[in-house]
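Before any comments, here is the structure.
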Amino acid sequence: MATTRRLDLRCYLVTGPGEPAKIARIAAAAAAGGAGVVQVRSKPIAARDLYELARRVARSVADANPKTRVLVDDRADVAAALIAEGENVHGVHLGQDDLPPKAARRLLGGEAIVGLTTGTLELVRGANEVAEHIDYIGAGPFRPTPTKDSGREPLGIDGYPPLARESAVPVVAIGDVTPRDAEPLAGTGIAGVALSRALMRAADPEAAAREVLAGFERGRS
């Protein structure tokens with residue numbers, strides 16, 4: 001999709017559960033530090049609560065860094081509602097059991113960002129079949145994570161080069177990634193790293209985001 005060319009995936013924040021004001025503050029700090037994408041994720045959560053949280057995060061992120069893109073986790077309908085209202089929301093990240101990418105693209109329009117979760121060669125090949133409807137894939141877990149049990153084996157550093165070579169769209173590593181992982185992961189051919197706990201629990205999320213970007217640039221130079 002055309003959006004891929006202006007999508008900075010190097011440092012990608014996935015939010016977690018917590019008090020909405022705190023989540024918004026952390027997201028804004030990460031954006032100020034250069035995070036290119038913030039995915040609003042908080043499970044379990046009702047659609048109305050996700051709508052309110054995403055709106056709050058989107059406004060905080062827009063104030064901190066207008067270049068940062070805000071995505072809604074799973075719920076294309078929530079993303080569509082916020083986009084229609086002119087909020088600073090740019091798309092959706094879909095899991096394997098969510099709305100099919102083609103349907104999400106039809107709902108959100110050609111300018112929206114649509115991401116898809118993968119983590120095996122089989123899932124990457126499946127994503128390639130709908131590559132015209134998606135902008136990137138998340139691939140993981142990088143290592144075991146308590147925040148999400150995908151049922152897939154951890155990939156580690158060595159698991160990413162084959163996925164990056166196979167994928168028709170940019171790949172983002174996810175799954176308990178830390179800022180120190182950015183440099184070695186950047187050398188595997190991926191486009192970026194997604195972090196949740198490492199940024200949400202950081203003493204200084206802005207500085208942590210800058211560390212991720214610096215490491216990623218070192219790793220791919």
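Placement of Cβ uses the backbone N, Cα and C atoms for every residue, glycine included.
Automatic prediction, not curation, is the source of TrEMBL annotations.
Listed in TrEMBL for this protein:
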{"type": "DOMAIN", "residues": "11-199", "note": "domain 'Thiamine phosphate synthase/TenI'"}
{"type": "BINDING", "residues": "GLN39, VAL40, ARG41, SER42, LYS43, ASP73, THR117, LYS148", "note": "4-amino-2-methyl-5-(diphosphooxymethyl)pyrimidine binding site"}
{"type": "BINDING", "residues": "ASP74, ASP98", "note": "Mg(2+) binding site"}
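Mapped onto this structure are the features recorded in TrEMBL.
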{"residue": "GLN39", "record": "4-amino-2-methyl-5-(diphosphooxymethyl)pyrimidine binding site", "CB count, 10 Å": "26"}
{"residue": "VAL40", "record": "4-amino-2-methyl-5-(diphosphooxymethyl)pyrimidine binding site", "CB count, 10 Å": "32"}
{"residue": "ARG41", "record": "4-amino-2-methyl-5-(diphosphooxymethyl)pyrimidine binding site", "CB count, 10 Å": "23"}
{"residue": "SER42", "record": "4-amino-2-methyl-5-(diphosphooxymethyl)pyrimidine binding site", "CB count, 10 Å": "18"}
{"residue": "LYS43", "record": "4-amino-2-methyl-5-(diphosphooxymethyl)pyrimidine binding site", "CB count, 10 Å": "11"}
{"residue": "ASP73", "record": "4-amino-2-methyl-5-(diphosphooxymethyl)pyrimidine binding site", "CB count, 10 Å": "23"}
{"residue": "ASP74", "record": "Mg(2+) binding site", "CB count, 10 Å": "22"}
{"residue": "ASP98", "record": "Mg(2+) binding site", "CB count, 10 Å": "17"}
{"residue": "THR117", "record": "4-amino-2-methyl-5-(diphosphooxymethyl)pyrimidine binding site", "CB count, 10 Å": "23"}
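Cα of ARG41 (4-amino-2-methyl-5-(diphosphooxymethyl)pyrimidine binding site) to Cα of ASP74 (Mg(2+) binding site): a distance of 8 Å. Looking at ASP98 (Mg(2+) binding site) and GLN39 (4-amino-2-methyl-5-(diphosphooxymethyl)pyrimidine binding site), their Cα atoms lie 15 Å from each other. Confidence annotation: the domain 'Thiamine phosphate synthase/TenI' (11-199) carries a mean pLDDT of 97 in the model.
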